[in-house]
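Reading through the structure tokens given below for one structure.
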Amino acid sequence: MVQAAKLIGAGSALIALAGVGAGIGIVFGALIQAASRNPTMAKALMGYALLGFALCESVALFALLVTFLILFG
């Protein structure tokens, strides 16, 4: 029974990864739109896009950390 609860909790914690995938797509989609509207700012916008990517990816790492803590903690 405890093992089943752990698996359900770990699966629930991994739902955040779907949001991370959508967030990364939104960040780079916005980068493409902004760069096509103003090509002179493309280099500066890339830094902001990488920052957004890093923040989205950190949420994914935290979700994996919580999942592993539930399963093996």
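Using the three backbone atoms N, Cα and C, a Cβ is placed for every residue, glycine included.
A TrEMBL annotation is a machine prediction, not a hand-curated record.
The feature domain 'V-ATPase proteolipid subunit C-like' is assigned by TrEMBL to 8-70. The feature transmembrane segment is assigned by TrEMBL to 12-32, 44-72.
Confidence across the domain 'V-ATPase proteolipid subunit C-like' (8-70), taken as the mean pLDDT and rounded to a whole number, stands at 92. Shown for the domain 'V-ATPase proteolipid subunit C-like' (8-70): DSSP residue counts in helix, strand and coil, namely 60 helix, 0 strand, 3 coil.
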